[in-house]
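> Have a look at this one before I ask anything.
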Amino acid sequence: MRRQSRIVASLLVLACASSGAFAHRKFNVHDDLLAYPQFRIKFPDGFILESQARAFLEQAPYSSPDLNDISEQTPLKDESEESIRDGSSGEKAKFSYEELSLEGQRYLCQIPVVEDGDSNRTKVEVNEEEERKELARATDRGLELLREMEGKCLYYISGWWSYSFCYMNQIKQFHALPSGGGVPNYPPMEDHTTHSFILGRFPQEEGQDEGKGAKSGKSSTELAELQTKGGSRYLVQRLESGDQCDLTGKNRKIEVQFHCNPQSTDRIAWIKELYTCSYLMLIYTPRLCNDVAFLPPQQEEVHTIECREILTPEEVTGWQAMHEYQLSQQLVESAEAPKHQVIGGIEVGAQRLVGTEGKRIEKGRVASIGEEKVDVVAKRVNGEVQLLSAEELKKFDLDEAKIEELRKKLEEWAKGKDWTLEIVTGNGAYLRGVVDTDEDEEDGYENEEGETDKREQRENTQETTGQPGQPGHQEETESGQAGHPMDDRSEDGEDPDVDGSEEIFKDEL
């Protein structure tokens, strides 16, 4: 090869330097001067023989060669012609060719030549006059489209101030009444107890009613102006004759910009005070989108640089075999794709976790408020202690060692009285211990003094066992039950299910 290999960046720099396409674009301060024209590099499946690549590299730059003129035959002639030829109807595009070396492999890159903007200055000068006529036509058409807004008002609320825009009438700044009490939320209603200001009025003929608005005798270019910014065009109307400004002594004025927005209804986007008593309002409207002159700029054309592998005749067989292998691997991978959608690492609908025999989801039970299920875990009746077996405890997911520890604690607190250890399930599950009271104590509870004694006993029990959600269960921590909230029963200290018994603690699981 006679030309030195270049990297991808060199191709892009060369393509940009050889093109004057940016000259067609109007200047915008937000544009990237090095971003136009735009290129992308593509590596299609295919190759070109070394002898044929040499012929492209040795020819004159910026030419449009025909592969049929090359006498040497290649095995994949159709593929090469499809890549090198331009896809346009009957016309051959101009290309330059460069050799690229990437990861030890040589490529022949075809760079499209973008037409230079300075090649036909006469045509550009002629188009300037046509452009002026087009701008005048677009201005007239824009005013015609906006005329549909006559008799309608738009509103905009910004903090204390609200604004009304009534086309062909005026723009007003006022304070709105708070909504409620018969005052609608929209449109905002003016509070006549505060000052309001007219920011600008549309020009009207003499003697015409100000509230109805009318067309002025001025030309369309005096009423409106078509401006271009960033490739998009919008209509501008400058309104004067507003209320007098206290600071400057001049009348207020406002500039209104109408922008095409096909996804929006007529609305005020924002309004700001550029300087004292001079304002700028931007309005989005789909009406202007009916004229192509106001449509948003289209996406810039991206030119494709195609790079194909350069092979010797001896390397063609190996390349074809590798290409066929890659195609077969793609077919295998597509066949192995999961039939069900995978979300969060779980194949939805595969029934790997539930849905088959032995993997059923237990139906939930809707428990109403106050509905509880009580099962006896252990109890002491007439001095005899009865406990559930280890297998039965496992059904309730209870630890045998913990139950034994709670049993000893109940024995200590009961002081020889009968007691019951229950597991209560409902909206959650917890253990509850109940100590039976003596008959004499039951009789004592009926009088006033007994109520006082029982209340004191209940308070002492709370100090010992603690309340739910409160830290510091000293006895509970010593017995290995730290972290399980404790509380008392109802205020009278009686269990509705067990007559003559007193609840000692409640241990949530």
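Using the three backbone atoms N, Cα and C, a Cβ is placed for every residue, glycine included.
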> If Swiss-Prot gives Trp160, Trp161, Asp246, Arg252, Glu273, Tyr279 as binding mannooligosaccharide derivative, which of Gln173, Gln227, Gln320 does it give for that site as well?
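Within the candidate list, Swiss-Prot flags Gln173.
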> Looking at the ranges 138-141, 406-409, 506-509, which is given as motif 'Prevents secretion from ER' in Swiss-Prot?
506-509
> Where Swiss-Prot annotates a disulfide for Cys245, which of Cys277, Cys289 is the other cysteine?
Cys277
